[in-house]
Structures are given as structure tokens and as C-alpha cells.
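Single-structure report; data block below.
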Amino acid sequence: MRSNLIYVIFATVLLMAGILVAICLADTVPNAAGVAHEQFNGMQAGGDGAARLEHIGGLAFAFQALLLVLIVCLAALGIAEERRSPELWAYMGGTLLFSLFVWWQMYSGHQAFLETGVTRYFMGFPVATAWQVYGTWLGAIPLIVLYSVGFRKFVFTVEDERKYEQLLEKIAEKSEQ
Amino acid sequence: MEAYRQEIIIGAVIIYMVFCVCTGLWAMRRTKNSSDFFIAGRGLGPVVVSLALFSSTLSGFGFVGGPGLVYSIGVSSFWMIVISSTGYALGFFLVAKRIRMIADVRNCISLPDVLAARYNSEAVRFLIAIAIVLGVMGYLATQILAMAVVMQAILSGTAMFADIGLVACVVISSTVLIFYCVTGGIIASVYTDVVQGAIMMIAGVLILLTAMSVFDGGMQEATSIILADDGEAMMPFGAAGIMASLGWFFVFGLGLAGQPHLVTKMMMNKKISDNRSILPMSLLGYVMAALLWVSIGVIMRAAVIDGVIEPLALPDDAASLFLSIFTNPLLAGIVFAGLFAAIMSTSDAFLNIGTAAIIHDIPKAIQGHAIQNELFWARVVTVILAIVAASFALYSHFQDATLVAILGAFGWATFAASIFPVLAIGLNWKGATALGAVAAIVSALLINFIVQLAGIVLPYGILGGLIAFIVSLVLFIGVSLVTKKPELDADMEAVLNI
């Protein structure tokens, strides 16, 4: 069966491009990308976080969610077509859900802070930021585990290695002739 | 010990530089041809490749600019480093296996070589080589300047070198860099990278421990001080806002697989199966070294807000002031050596790929064959390239910053936008065409150039590099889908099937 993965990737990128255009056309708010700190030269301040997200919060959330979909699809593209088994897709789906969960926790944690002005801390950082610092980094660890532990099953099997060595031998023979 | 702070720091830096020179001399005996000079004869072990890969990723920008960015814009800049796990994962899934196979099958010694073989197109080779040369000039000039500024700051603290000029510092630092790159080529480069990487990892962990002791309440007290001053600066999107942050996530995450100085290292390992251990080791090294970026930046911003120290004259002073105020002289010595290591490990990688583009790829794209005596010319061009980059750096510093700024636009984001689709997707999709590749490269270069030259500011902090990257991806896949599917050579077809 011919893979449709490249079409999924293309559609995702097109949607992301559309969201970027929508954000560019959205109403702007002053200092949306930061403003010079009133007291300290060289420092930027974020100012009113709720106002900065008012017109584009939902679009930005969707942009990042699509980026997480794109990352998982690209990782799958790196695996030979015949080894993209249901088992692999289940694993990739789990990885995507985990990344989306981290992203949701981060975004909603930020929203909660904007509403209440208070936050709990986890390992040195406000909770929403801790999701960013630790969660985002951990979000791709399942991919690292898949690559390292599943290397011989998905990435470069013993059969692949044999085919590759045969190819090299064939090329060597050809060049000797 | 405090009385000898400056001497200890200088001693650490001198020991490091002498090591680089000795490595160059040792590697010279192992460099017998251009394949050894550019890709170490594809014979490196997993530990060497891992350390070389991550130490080249984290340049002087990471050690100087990174803490400065946290000081300036808060958490926004964290997005450039928390994405490292995704970036390395995609690099290995999409590039590591096939770039190594194509290098073997077609005896490639550079990234343009690999892409010319994949697309059977000299136009693709030429465009990638041009992008690399332009990017290398900008990167090298800024790295050499950073190296000289740090050296001047260290030496001017002593009575003997109090009046040393920037030109002298450029000459000293560039001479060491040129020496080991010319004598030992990539072999010297990767083996110095091993030590450079180890120093950076140790420095990152020690700095984190020191940073946590600055405030009685540790990191949490520092972050709560910043939060109380400006909530957004310490929240996930920082002062720069959500779109700048997500733009960095995209460009730094996906873009890692499009950095020529990094993917070239994926061609150097002895066995493809080593990739399974190279990936986690590279990531671990990067994370340890990047602790410095986060911890110094947070502590310095909190310390200034809390009145512990005076405001910084420049955000980029964050790292050097932290070292002089909060660390003991021995640690400062290790970190300053680590700083030179970070700058040099990136510079040597760029010198190498820039030289390959000039003496190997551009002549091959134009004349259809490589020049005679490549190893000799590689050494000559390495010297010339470093001298030209150093001249650019000095001209930029004393006369006009525009030139290096323009070339600097060909930095990470441009490499990401122009190379990622063509390489990372192209090696995994047989339908990718040369025309799609040309459209992607040209659009990425043009958009980055135009945004830089015209000084275009996009709403909500959207990066020009992000626009270039997405346009490049759309054009690459779109043009490939509507153009005739290429007939691949048998060996290329076999490689893409594995």
C-alpha cells in the first residue's frame, strides 16, 4: 500500500501556514512581543499577559498542537515504510498524546496564573513553567527510547544491515571491473 | 586563592589552548587525504561522535548569549534548549542512517556531495554550497569576535596585558584555531571537541550547583523574585511572548536536522548501528552543558531585581559577571576554558564545512570534477577562510556592523529553512524532486535576506526565520508533488528503501 504520510505532513504544514497568516492579520496589541523594563536597562518585560493572548491565544495553541503532530509524523517518515506497523503507530500516537498533554498543562497553567495571579512551584519553577522546562524536554524522550531501544526492530534491522552490506559489495565489485 | 583569580583563569585557558595545538600536531599524522581531512575517514567511535555533535551544537552563543537572553527576555529563550530532545530525535530519525549510507555508497565527503547524489543535480549541490559559504562567513566572524572579546576581558585584568588590543586578541585566538584545523583537519577538530564537550558538561553542572546557592531559597527564590517583578517573564512564554517562543521551538527543534556542521558529523561514525547510542549520549551532554544557560540567566536577572548586584551594562555580561561575583577562581577558570571550548568547537566545524564547500563542492558543481591535490588546497583555503572571517569580524567591530549582520542572517534559521526540507525529508521521501529542492533553498535564502535587509518586523514577535522555514517546507513538498517523479539510480533507490 502506498503511504499517505507525506500528504498528512503537507496538510499539517499548510494548516500551520494558514494559522500564521491568521495571526499576522489578527488585531494587534501594544508590546505583544515585550517592552523595555521600566527600571533595568537591557531587560524586557512581558506586561499584560492576558491582553497579549486575547486575539491569538487559540490560534497559537492550535499552531503548537499541529507542530507536535508534525514532529511525530516526521519521526515516522524516518522509519522505512514497511515497518510502519500498527504497533509503531500506537506508540507514536501515545507519544503525541503525551506531548499534547504537556502542552495543555503548560498553556492552561499559564491561563490559570493570568486569572488568579498565584501559582504553585515544582522543582524551582512556577508549575506552568515547570511543564515547559521539564515536560517539553521529556515529551520527546519516548522518541529517543524508540530509536535506541527499537533500533534493530524499526530503524536498522539485521536484514537492513545485510542488504546494505550486499549493496556495498556490489558497488565494490562494479568498481573493480 | 582569590588573590590569584586572574592568573588561575589565564592558566586554565592557556592549558586548554596548548592542548588544542598538541591535538593538531597529533592529528596531522593521521590526516593522509581529503576524506580524512573532511570526514575523518568515516572511522570514529560513538563516544567521540556524541561529544563532537553536542559540543558543536552549543556554540559561544550558548555560553555567552544564552544567559544574556534569559537576563533580557526571561523564559522565552528556554524554548531554544528545551527543544533539544526533539531536535536530536528528529535528526537521528530522518538523517543519521541515510546520510551515512549515501556517504559510503557514493564516497561523499560533504553535505552538498550527499544532496547532489540524492537529487542527481549539480544545481542543488551549488545552491547548498553557496548557502553554506555565506552562513559560515557570518558564523565564523561572530565566533572569532566573541573569542577575542572574552580573551581581551581576561588578559586586560592582569598588569602585564592591561592594554592589550582587540586586534592582538583576534590574532592570538585565530592562530590557535587555524593551527589545529589546518594541521589536523576534522580529526583534530573532533578530538578537541571531545575534551571541549567534557569541559562544557562539567562547567554546566558546577555552575548549576553554584547558582542554586546564591539565594538561600535556591532556584525557587530566584524565580519567585522574577515572577513578582513581572509575571510574564517567568511564565512559559517569557517577555518575548507566545509566537516568538513557539517560533524558536519550531526553528531550533526541526532546524537541528538542517545544520550542516552537525549533520556532517553524522557521516563520520564507523558503524551505522552506533547511532543508537550516539543519540542518547549527545542529548545527555547537551542537557548538562545547557544547565549553565538557564541557571546563570535566572540568577542574574533575580539578583539585579533584588538589588543584590548592580544592573548589567549589557545582557551578554551576565555570564562573565556571574563568574567573577559568585564562583571561586578554579571554577571560573574551568568555565572560561569551557567558553573557549564552546566557541572553538563550533568554529572548527564551520571552518571545515566552509572549506569543503569552496574547494570541493563549488568546483565540482561548475566543472563537474574535483580539483587536483584537494588536501593541499583544503589546508590553504582553511587559512584563507579564517583570515577573511577574522577580517570581517574586525571590520564589523571597528567600522560597520552591517556586513556581518547580513551574513549573520545566514545563521541557524537560514540553514534550518534551506537545508531541513531538502535533506531531512528528501532522504526519506522518494517523490522529492530537484526542482522542489531548488525552490525550497532559493525561497529560504531570499526570505531570510529580505527580512534582514528590509528590517521587517512581524506582529506578535513572529520570526522571519519561521516564515522562511514554513514557506520552504510548503514549496519543497508542493513543487515535488506537481513535478515528475524522478527516476532514481539503482544504488540510491536501494538506500532509500532501507
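Every residue gets a Cβ built from N, Cα and C, even glycine.
The transmembrane segment annotation in TrEMBL covers B:6-27 (among others). Beyond the ends of the transmembrane segment (B:6-27), by six or more residues, the same chain brings 151, 154-155, 157-158, 176-177, 179-185, 187-188, 191-192, 195, 199, 329-330, 332-334, 336-337, 340-341, 344 to within a C-beta distance below 8 angstroms of the stretch.
For B:39-63 (among others), the entry in TrEMBL reads transmembrane segment. Counting residues 6+ beyond its ends, the transmembrane segment (B:39-63) has Cβ neighbours under 8 Å at 84, 100, 103-104, 109-110, 139, 142-143, 146-147, 150, 185-187, 189-191, 193-194, 196-198, 200, 256, 259, 261-262, 264-270, 274, 277-278, 281-283, 285-286, 289-290, 292-293, 319, 338-339, 341-343, 345-347, 349 in the same chain.
If you look up TrEMBL, you'll see B:69-96 (among others) marked as transmembrane segment.
Annotation source TrEMBL lists transmembrane segment at B:160-182 (among others). Away from its own ends, the transmembrane segment (B:160-182) comes close to residues 17, 20-21, 23-24, 27, 144-145, 147-149, 151-152, 188-189, 192, 340, 344, 347-348, 351-352, 379, 382-383, 386-387, 390, 393-394, 397 of its chain (Cβ-Cβ under 8 Å, at least six residues beyond either end).
Here TrEMBL flags B:194-215 (among others) as transmembrane segment.
Note on the transmembrane segment (B:235-257): residues 57, 72-84, 86-88, 90-91, 94-95, 227, 263, 412-413, 415-417, 420, 423-424, 460-463, 465-466, 469 of its chain, located 6 or more positions outside it, place their CB under 8 angstroms from a CB of the stretch. According to TrEMBL, the transmembrane segment annotation covers B:235-257 (among others).
Remote same-chain partners of the transmembrane segment (B:278-300), defined as residues 6 or more beyond its termini with a Cβ less than 8 Å from a stretch Cβ, comprise 46-47, 49-51, 53-55, 57-58, 62-63, 66-71, 77-78, 81, 84-85, 88-89, 92, 96, 197, 200-201, 203-205, 207-208, 211-212, 214-215, 219, 222-223, 226, 269, 309, 312, 318-319, 321-322, 326, 335, 338, 342. Per TrEMBL, the feature transmembrane segment maps to B:278-300 (among others).
Taken from TrEMBL, the feature transmembrane segment covers B:320-343 (among others).
Annotation comment: TrEMBL describes B:376-395 (among others) as transmembrane segment. Long-range contacts of the transmembrane segment (B:376-395) within its own chain (CB-CB distance under 8 A, at least 6 residues past either end) are made by residues 34, 37-38, 136-137, 140-142, 144-145, 148, 166-167, 170-171, 174, 177-178, 181-182, 185, 351-352, 354-356, 358-360, 403-404, 407.
Under the heading transmembrane segment, TrEMBL lists B:401-425 (among others).
Feature annotation from TrEMBL assigns transmembrane segment to B:432-451 (among others).
Under the heading transmembrane segment, TrEMBL lists B:457-482 (among others).
Beyond the transmembrane segment (B:432-451), the same-chain residues lying 6 or more positions past its ends with a Cβ under 8 Å from any Cβ of the stretch are 115, 119-121, 123-124, 127-128, 131, 406, 409-410, 413-414, 417-419, 421-422, 425-426, 464-465, 467-469, 471-473, 475-480, 483-486. Nonlocal intrachain contacts for the transmembrane segment (B:457-482), taken as residues 6+ away from its ends with a CB within less than 8 angstroms of a stretch CB, comprise 240-244, 247-248, 250-251, 254-255, 412-414, 416-418, 420-422, 425-426, 429, 431-433, 435-437, 439-441, 443-444, 447-448, 451.
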